[in-house]
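Read through the structure below, which is laid out as structure tokens, and then see the notes.
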Amino acid sequence: MSNASPERDGGARERLQRWLPKLVLSPSCVLVLFFVYGFIAWTSYISFSDSGMMPDYTWVGLHQWSRLWTSWTWGIALHNIWVFGLLYIVSCIVLGLILAILLDQRIRAEGVLRTIYLYPMALSFIVTGTAWQWFLNPGLGLEKTMHDLGWQSFSFNWLIDSNMAIYTVVIAAVWQATGFVMAMFLAGLRGIDGEMIKAAQIDGAPAWKIYARIIIPQLRPVFLSAVVVLAHLAIKSFDLIVAMTGGGPGNATAVPATFMYSYAFSRNEMGIAAASAVFMLAVIAALIIPYLYSELREPRS
Amino acid sequence: MSFLHINNVHKRFGETHVLKGIDIAIEQGDFLVLVGPSGCGKSTLLNMIAGLDSISEGELLLDGRCINDVHPSRRDIAMVFQSYALYPSMTVAGNIGFGLEMRKVPRKQRREAVDRVAKLLQIENLLDRKPGQLSGGQRQRVAMGRALVRDPQLFLFDEPLSNLDAKLRVDMRTEIKQLHQRLGTTIVYVTHDQIEAMTLASRIAVMRGGELQQLGTPQAVYDDPNNLFVAGFMGSPSMNLIKARIVEQGGLPVAQVATDDSTLTLPVVRDRDALRDWCDRDVILGLRPEAITDPASANHGEGNIHEAELPVALVEPTGADLYVVTTLGGTHVNARMRPGTPLRSGERTRFAFDVSRMVVFDPDSEQRIRDERTAETTPLEETA
């Protein structure tokens, strides 16, 4: 009996040690389960329900989804996100890579320049959107300044032109994210073996060929990361557009996120809004999950 | 006119003087090894020959042509790097052929040249792989292939074996030597490994602190070191450096060394004239471990053997040899004896000193004390 009790004590302590991490983590697990995955499930259900202004749990099957896909505004939103996303990703990568290559030439004020290029990333999209809205507003910003300076024929009214407004959003978004992409490429460039560049010099390759044939092909993982990061930023882009154009003029700059917001909160079509939200989630998941899978699996191999 | 002439070359990085006037000349077909501890400037010198670093002062002549300001790709050189520096996005064939491609050699000729080199290095079956799929030794071969394919006038090797494991390093060393003998190429090779230097070189340049310490054949550098640094750096186990005093005995200088319990007197054979001036002064004696043996394995034919009975401090068997440690002049001295000699520490045994191989150094300047003109010309004068 006497030598059994310390054993039992040790057993209890061991059991506590085994359960303690689980106990500590369980509240946040429950919260995440409820507020993230729970609401994802709820939204998914709403997209199959007859909800309008208020949730209505009557099952209507794919009714809301067919209404979504026949909606003219949703067509514009999808077209816009394609144009915006493609231009945004390509411009950010091209400009970011060029800036990174220029900064990598062992120039003097590199630290200062790097910070300057990175600063826009520190701003929220609301601030970026508002600032660019002022800057591109024909009555306030660039155009008025040019007129005041005496260049009367100057005209730059893309912000209020429904055919061009989406490009102003691209400009603002590119301005914000290019520095970040540049930093990613710069880190990639710094990781390249200097001896390899020396070898290429001895092999007689001119500088542009060293970049095109040897350095840029090695930055493939950076390209992948940049595309994934920028793509999900593009799909989630909401605040920038709200601040800059409010989706207008008309529906000219509507994207899925603003579409979802306006259908849910101003047009009392919660079912369609839920369907569009689930669709966006699916697109982002299709991008992120393979990426995360490949990134997290890598250390083991 | 020598083939590669490094003429009073200096290198300065701002205030720091990295190379302080290097003079080296080698002939076509020579295998020059630049050896020294890290930071001695050997890699900088190699980069300057390659054209990857500029020359602050002095002149670099290759085959009579000054190449100070010639772009690396037009110097007719090829270089093998320590990290191999293979292009990871290209196949092995692409890597080897890249230099030819940049020189606009037609595809068919390029293919033939790559195949020829691949056959020479026995990497034909790897041509379609990427560098990431190769082992260290295979990468090393590809890096050499990339240098060989262009058939340059001069090959530069920057510590090419230091990333390989010990066994592979020995194999690749043999292969590099065979390749050099077969192709008769001129090579400049940088290493910090003195064994690599001894085995590969036809000429060794020992460097320290941006200065050339000695230039000569491996045997000359080994047997006839210019100063204490070269004596200590070359050879493993390194040369025994023993504090001693020169005194006159019967009209000839002899060296007196303190042992644990008495004094050992060693006759001086080499550089006798110069040492006459050193009577009653302290010096440092240099004796290789293989010049101190047991009497039976001493070289009685050629050497000048002097025997003495000394206490044994320590015995270190290596299998091939038995290193017996005794104390002379206050320091441990390694003697190389036959394996199986039954010895234990604390015993006394007879040591045979081959004094014909003994060299003497000035303890203050650390330079050799040698006759003005001995049969062995000093290697530095040889090239001047």
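In case you wondered, yes, glycine gets a Cβ from its N, Cα and C as well.
Here is what TrEMBL says about this protein:
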DOMAIN    A:78-293  domain 'ABC transmembrane type-1'
TRANSMEM  A:23-45  transmembrane segment
TRANSMEM  A:81-103  transmembrane segment
TRANSMEM  A:115-135  transmembrane segment
TRANSMEM  A:164-189  transmembrane segment
TRANSMEM  A:210-235  transmembrane segment
TRANSMEM  A:270-293  transmembrane segment
The transmembrane segment (A:115-135) versus listed stretches A:23-45, A:81-103, A:164-189, A:210-235, A:270-293: most Cβ pairs under 8 Å: A:164-189
Winner by Cβ pairs under 8 Å against the transmembrane segment (A:210-235), considering only A:81-103, A:164-189, A:270-293: A:81-103
Range from A:23-45, A:164-189, A:270-293 with the greatest count of C-beta pairs under 8 A to the transmembrane segment (A:81-103): A:164-189
Residues from the same chain, set at least six apart from the ends of the transmembrane segment (A:23-45), whose C-beta lies under 8 A from its own: 57, 274, 277-278, 281
Spatial neighbours of the transmembrane segment (A:270-293) far in sequence, C-beta under 8 Å, 6+ residues away: 40, 43-44, 46-47, 49-55, 60, 63-65, 67-68, 71, 74, 77, 224-225, 228, 231-232, 235-236, 256-257, 259-261, 263-264
